[in-house]
Each structure stands twice: as structure tokens, then as C-alpha cells.
Amino acid sequence: MKLPIYLDYSATCPVDPRVAEKMVQYMTMDGTFGNPASRSHRYGWQAEEAVDTAREQIAELLNADPREIVFTSGATESDNLAIKGAAHFYSKQGKHVITSKTEHKAVLDTCRQLEREGFEVTYLEPESNGLISLSKLEAAMRDDTVLVSIMHVNNEIGVIQDIEAIGELCRSRKIIFHVDAAQSAGKVAIDVQKLKVDLISLSAHKIYGPKGIGALYVRRKPRIRLEAQMHGGGHERGFRSGTLPTHQIVGMGEAFRIAKLDMEKDYQHALALRNRLLDGVKDMEAVTINGDLDQRVPHNLNISFAFVEGESLLMSLKDLAVSSGSACTSASLEPSYVLRALGLNDELAHSSIRFSFGRFTTEEEIDYAIEQIRVAVAKLRDMSPLWDMYKEGIDLNTVEWAHH
């Protein structure tokens, strides 16, 4: 067993060896290294063929047309292209956008930028289980609403939004619907023939592919138009200029192919590990699971350990690679904005840890993690005067603290 144990799959996944093996064939003189846009010789044709194959593999996971897949540098760029691209293109029809407070920063900060440009953005509060209420969403819709952006699976708490119902609602009001599916692709079935979703952001490194490559699904029927954010040689049908990185694209395609093949197996594996971890800690006192337990992917468990400071718990769990919040915000000392939006107080939000597992996690590693968690939490609580007061039955909300 290799220490520290990697339990941060929601931040990034290791590249599947099958993917790495495939990528190596597209870099050197021995392989297919050409520029896919070089139309005058075989090196270019072979690279273009490899890109086309990958585009088909990605489209297959979504049941989409390969022509609806636009390559980007990752889900962050896809979010930017989808939100800014649609908002700007359709700004004559209205300047109102709806999203939720628990979205990824790539969506929230893009919406903030639109606000600086004169758009109006409504940020929906989720329910305490992390789900978005359809009636609240409908109530927020206006005649000048042009775009709704709601993520499929949350990166911190793993809850699955009902994008089918949200899509129906948006389509009935002729509003463009964007979904960030970085955390759901390969974990939950996505069928764009059934779902009324217009734009979908995808990432390779959350699905055992390489970092630095992603895609944006752009619906053709009804056709969605976007204003390009990256200008140049007009690659990707003008949506996104820049030489295509064949090796990364091939890696993403292979990762999506394997994900489609192994989706059920990966799901059951993650579910068994999730239940094992949950069973190992649920009898501990003052432990809460954040986010709905049924409407969520099994790859994620976000747990608050009351009366334990999250940072000290992370330090105590030095043999576990876990995070408090998402990788994009884990460097800040602010409590998770996602957990605050669910209504958790600062103390509970600060005492939460995200465990996320995947294809290469073993039962042995989970058992070791359970043992480490139980020891660390008990030790830290022993040092906490608040824990003593709680054990004595004192309601800490009624305590008057002295202000110096």
C-alpha cells in the first residue's frame, strides 16, 4: 500500500495506463506527431484522423454528433466559452443569466465578469441537501433571461442536479441551458438526445485522462451560436482557435472510450468503497454527511466532524491525501462557500473533509483511512474544550463568549 493514500479523485485522477500508452504514440518522430490542420501531407492527415476518432469517442459517451464537440484547454475554458459566448451572442434578446451559489468558480467568476459588463445575474440558493429547487428556478426566470447555467454534479458534495427537469423548463421558456459536467461525465449517464441541454462542459483529467484538455458540447439542433473567446486560425469551426494538441486529444478520447466501457463497473466499485467508508465512521458522535445521500455520485463523501478544526484534521491525516473544499479553493482559509450555501455555520463548514475515490482505490486503503480518521478525530477532540462542554450537555449556541 502506497502512502499517502490518494483520496482526492475529485481534484484530479491519475491517468489510466491505457490512456498514457496511447498518448505516447502521438508525440515523437516514430509516431503520429503532425499538425491536424496540415492538409498537404500524410503527417497532418494522420493526426487529423486521430483527432476525428477522439471526437467520436467523446461524442459517443454523450450520444451526441461528433460535430457538436469543440476541443478546449479544459472545463474552465469550456465554462468561459459557453457562458460568455452565449451571453454575448444573444445579448440583443436579453441580459439576464441564472446560476446557483454552489457552482464551480469557473462559472461563478465568469458570471461576475458578465455583471461587470452590464449583465444581471441571479444566484439561486440551493436547498439544505444541495439540490436546486425547480420552483425557485422558474420564479427567477424573466422575459430577458438568455442563459441558465447549473452544474450536473457538484465537485465538493457530489450531489446530482435534475438536469433533465431543468432542461425541460429552460426549453419551454426558450432559454439556453449550460451544464458543467466535469464531475459527472463517465460517472453518470448523459444522453443529449433525451436531455434538453444546449451546452456541456467536459474535462479529461476528472475521468482518467490528461490535464490541459477538455471539450464543450454545442448543440446543433436547435443550433446554438456562440461568440468565440479565442481568436486566431479559426480552428474548431471558428469556436476556438489554436493548434489542436493531438496527443492530449487522443488521451481524452481514449479516457472517454474506457469510461463508457467501464461506467457500471467503476460505479459499483465506488459505491462499495463509499459504503465501506460511511459504515466505518457513521457511529462516531457529531458526524454529518454534507449533501443529499441518495441524489449523489458514490465517488464522493463530504463529512463534517464537529468540534474539530478542518486544517488540524488535515494535518493529522498526513497519510491520507484528502481536501477541505475543492482544489481550486483549498488554499484559502475561508470556509467552503458551497457548504455555507447549504446553511452550515462557519464552524461546521471549517470542520469538513472531502473524501473522493475512484478506479484505483482499494478496500484495504479505505480500511486504513477509517482507522486514521477515528484516531485523529478522537485525539483532536480530547484537546478541545468545546468538545468537553458539548459532552456535558451545554448548548454552545447559548454560551456568552467574553470579548476582549
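The backbone N, Cα and C atoms fix where each Cβ goes, glycine too.
Among the features that Swiss-Prot reports, pyridoxal 5'-phosphate binding site is placed at Ala75, Thr76, Asn155, Gln183, Ser203, Ala204, His205, Thr243, with the record citing sequence analysis. As annotated by Swiss-Prot, N6-(pyridoxal phosphate)lysine applies to Lys206. According to Swiss-Prot, the active site, cysteine persulfide intermediate annotation covers Cys328. Annotation comment: Swiss-Prot describes Cys328 as [2Fe-2S] cluster binding site.
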Other C-beta atoms that fall within 10 angstroms of the C-beta of Thr243 (pyridoxal 5'-phosphate binding site): 12
Integer Cα-Cα distance in angstrom, Thr76 (pyridoxal 5'-phosphate binding site) to Lys206 (N6-(pyridoxal phosphate)lysine): 12
Length of the line joining the Cα atoms of Thr243 (pyridoxal 5'-phosphate binding site) and Lys206 (N6-(pyridoxal phosphate)lysine), in Å: 23
Secondary structure of Ala75 (pyridoxal 5'-phosphate binding site) (DSSP, helix/strand/coil): helix
Ala204 (pyridoxal 5'-phosphate binding site) CB neighbourhood, other CB atoms within 10 A: 31
Cβ contacts of Ala75 (pyridoxal 5'-phosphate binding site) (under 8 Å, same chain, 6 or more positions away): His104, Ala106, Asp180, Ala182, Ser201, Leu202, Ser203, Lys206, Gly214
Distant-in-sequence Cβ neighbours of His205 (pyridoxal 5'-phosphate binding site), under 8 Å, six or more positions away: Thr12, Cys13, Val15, Gly74, Lys211, Gly212, Ile213
Count of other CB atoms lying within 10 Å of the CB belonging to Thr76 (pyridoxal 5'-phosphate binding site): 21
Chain-internal residues near Gln183 (pyridoxal 5'-phosphate binding site), provided their CB is under 8 angstroms and they sit 6+ positions away: Ser10, Met151, His152, Val153, Asn154, Asn155, Gly158, Lys206, Val297
Max pairwise CA distance, angstrom, over record-listed pyridoxal 5'-phosphate binders Ala75, Thr76, Asn155, Gln183, Ser203, Ala204, His205, Thr243: 30
Binding-site residues (Asn155, Ser203), the one with most neighbouring Cβ atoms at 10 Å: Ser203
DSSP state at the residue listed as 'N6-(pyridoxal phosphate)lysine', helix/strand/coil: coil
